[in-house]
Structures are given as structure tokens and as C-alpha cells.
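Undergrad: Grabbed the feature section from TrEMBL, which reads as follows:
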- A:1-418: domain 'Major facilitator superfamily (MFS) profile' (DOMAIN)
- A:426-445: region 'Disordered' (REGION)
- A:12-32: transmembrane segment (TRANSMEM)
- A:52-72: transmembrane segment (TRANSMEM)
- A:79-98: transmembrane segment (TRANSMEM)
- A:104-127: transmembrane segment (TRANSMEM)
- A:139-161: transmembrane segment (TRANSMEM)
- A:173-196: transmembrane segment (TRANSMEM)
- A:229-247: transmembrane segment (TRANSMEM)
- A:267-288: transmembrane segment (TRANSMEM)
- A:300-319: transmembrane segment (TRANSMEM)
- A:325-348: transmembrane segment (TRANSMEM)
- A:360-383: transmembrane segment (TRANSMEM)
- A:395-414: transmembrane segment (TRANSMEM)
Amino acid sequence: MSPPVAPTGWSRWLVPPAALSVHLSIGQAYAWSVFKPPLESALGLSGTQSALPFQLGIVMLGLSAAFGGTLVERNGPRWAMTVALCCFSSGFLIAALGAATEQYWLIVLGYGFVGGIGLGIGYISPVSTLIKWFPDRPGMATGIAIMGFGGGALIASPWSAQMLESFGADPSGIALAFLVHGLTYAVFMSLGVLLVRVPRPDSRPTPSGPSPIEGVQVSAREAVRTPQFWCLWVVLCMNVTAGIGILEKAAPMITDFFADTETPVSVSAAAGFVALLSAANMAGRIGWSSTSDLIGRKNIYRLYLGVGALMYLLITQFGDSSKPLFIVCALVILSFYGGGFATIPAYLKDLFGTYQVGAIHGRLLTAWSTAGVLGPLIVNWVADSQEEAGKHGSGLYGLSLTIMIGLLVVGFVANELVRPVHPRHHIPAPREAADDDTVRHEQSA
Amino acid sequence: MTTPSGTSSPPSPRRRGLILFAWLWVGVPLAYGVYELVQKATQLFTG
């Protein structure tokens, strides 16, 4: 399939909604927890078992983004969005069959394996195209799309819960809910498939802005051989791990911090705190990523990692003495977490150009998968060990918060080490390549 | 908006309608999600 080239008069403002239709759909993955309790009671599963489809889905997201990135670059965004639509929707349909026949392995296979491929291909599908359409504001463009991934859970969480309430939480009710999800997401994502276009190679999306193919260009294969790629890998991994440090334990953390004060936090208030963190995560994706277009990518990551470490330090030192301070610091950390995700494609574009930025982004997402394992592991292990040591209240979290500060400092240093890519990694410009060929012909002659 | 020569011009009324439709398509569900989130987040101050 050749990439769909925009006809004359095509507006670039049609591309962000195309990207959003995919990201808002696949962001449903973060609302999987809604299905856990009904599945556990209907099929007699443990908590660990009911988490399997989500975990496999995230693993498949990382793998398909890493290994499918080059295919996405070659075949274009419409192909990628079609694959994402087919995999994500049919994943739900297979899961519906699994629920209806009470074959849990089918739910794991459908939602986790097949749907997970849809997650990975869908996640990277619009990145390269958006950057090409918005060379003047790549941070804002990718911020819009990646904000959609956060927004997807906000939509799916209440929607799925209402559906399960209407259809019932028995196997047939769950099957029907999966079926409706699969069909609805297929229709919703089709807008992206129909609307997405790549700019013409000779076009300039803004009259005074840069051309989509100006500047340094590095292939995905070559990019992973550069220290810059691995510095950004560390930056993303550390930033995400630090965010997960708060996300993973948000509700118990705020409850424990203020348990011994005059104003303890209730269960419903803690749920409100978690919701507010989701809002900060989403707002950070579009807000900070757009800001990076103005102040530069390196500076914005200095902010994420440096100020993020400072926020963690404030929580460690004064968090239990002031509820507003604790909440504000946590919100800032979560906004940086979202911002880190959304700004990384534009950072990659600055370093490696637009040539295969989607594929490079796909490979970099392995940092996310690593952080997804590392973050919860550190936080839960430390919390358990502190509890065993007899600590309580805010004392339970002191060590894990200090570890998070350390990780952010490592990320900060990695960001400082990022330099422009050495010219030996650049792909030759067409003219240079032609000259090289001429020289080679002359020499052989 | 792009033309082959690389210059920009305002979108035609037909394209404007398509842009509006596309943004509503994604904007309405997102607004629903944000509304539900705000409802829940207020529990922090009222709960």
C-alpha cells in the first residue's frame, strides 16, 4: 500500500483528528481495570490472572512498535491505522467469543495478543505524519495525538462501567460489552483511516515555516547505533519510572501521608486525587509538549527531570505537613510524566529528522515497557519492605521517593549528554548520493 | 492548507465543514470523558 498523498487544498488540521480517532480508541487499554472485577467473579479468576490481557497487551505494544516501525514508515499511516483498527477491534471480538464460551485463554489471546499489536502499530501510526505536517510545531502536533492516548481511558472507563451495569457482569454480559466495544472502536477509528494523508514531498505546510524534509536525516537502523538514541532511551525510561512512582500508589499514598493529621483523606477523596492526576497527565501531554516548540526540547526535559526531582524532594521533606503542597507537587510530577511521553517524538525529529522518525519512536518505546515493569516493581517492593520494617504513614514512602529523585537525576544527566548526531550517521542527501555515484563510476572507469 | 507549489490558502467551505465534523467526531467523546473526570476529581475537595 502506498502512502496516501494529500490532494491540492487538503488542510493539515484534518490530520490531528485522524490521529486522535486512533489514540482515543487505543487509550482504552488503561481502562482495562473496569473489566477485572466482573471477569474475576464470572470466570473465577484471581487478580493476577485477570490482569494478564492488559499486561500482554502492553508487552505487545512495545514489541509491535519496536519491530513494526519500519513497516509503518514504508507503507504509510493509512496502512498502519488500518492494521491498528483490524487488530484492536478483532481483539475485542475474539475476547467476546472467549467470554461467551467462558474460555479465558481466548480473552488473553484476543485482547492481549491481537489487540496489543493494534496498540503498538496504532500508537506510532500518526507520529511521523503529524511531524511532517507540522514541521513548525512538532511538539504541539504529537502532543495532541499522545494526549488522546491518555484521554482514551477517560472515555472508556465510565463508558465500559455503564455498559457492564446495563448488560450485566455475567459471561454473556461481558461478551456483549466486548462486542459493542469492538464494533464501536472499528467505526470510530475508521475516521482516521479515511482522513489521514501525507503531505506532498514538494509541499511546505506553512508559508514561512520549514519544509517537512529539511535538515538532518538518519535512518532507524542507524539511529539505534548513536549514543543520542540511548541517552533519550534513558531519559524516557527514568521520566516514566518516576511518574509511575506516584501513579502506582497514588490513592494509598495520599491516605497514608495524612492518616495521622487532623484532616485525614477519605477513600472517595483519594479517588478524586487519582482522577486529578489523570487530568494533569493529559494536560501535560499537550501543554508541555507545545511549550517545547518555544523553549526547545533539551530545556523542556531539563524542566521535567530537574524540577521533577525538586518536586519529589519537596514531598519527601514537607509533604506530610501541607496537603496543598503535596497535591500540587504530585500534579506537577504527573504533568511532566505526560509531557515526557508527548515531547519525545519531537526530540527525535530534532536529532534524527523526519525520514524514519516513526520507526525510531517505535524502538524508543521499549524504554516505556522497561519503565512499566521497573516503576511498579520498585515502588511496591520498597513499600512492602518499609511496612515489614514497622514504618507507617509518610515513612512508608521515603525510600521510594528518594529512589525516584535518584532516577530523575540520572535522566537529567543523560539529557545533558545529548549532542547533535555525528554526520557519519546521516543519510546522504539525493544530490550528494548522485555525486558519490558519479565519483564511483569515474573511479571504476 | 497546502498546494503543490507549497503556498497556503484558507480552506474552502466544504473543507471547513469536514474539519468541523472531524473535530466534533473526536471532541464530543473526549468532552464526555473530561466531564466524567471532573465529576470524580471534585470528590477530592468534597469527599
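Cβ coordinates come from backbone N, Cα and C, glycine included.
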Undergrad: With a cut-off of 8 Å between Cβ atoms, can you find at least three pairs linking the transmembrane segment (A:12-32) to the transmembrane segment (A:79-98)? Only pairs 6 or more residues apart in sequence count.
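TA: Yes, the transmembrane segment (A:12-32) and the transmembrane segment (A:79-98) are in contact.
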Undergrad: With pairs closer than 6 in sequence left out, are the transmembrane segment (A:173-196) and the transmembrane segment (A:395-414) joined by 3 or more CB pairs under 8 Å?
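TA: No, the stretches stay apart by this measure.
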Undergrad: Under a criterion of three or more Cβ pairs within a distance under 8 Å and sequence separation of at least 6, are the transmembrane segment (A:139-161) and the transmembrane segment (A:52-72) in contact?
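TA: No, the transmembrane segment (A:139-161) does not contact the transmembrane segment (A:52-72).
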Undergrad: If you average pLDDT over the domain 'Major facilitator superfamily (MFS) profile' (A:1-418), what do you get?
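TA: For the domain 'Major facilitator superfamily (MFS) profile' (A:1-418), the model's average pLDDT rounds to 90.
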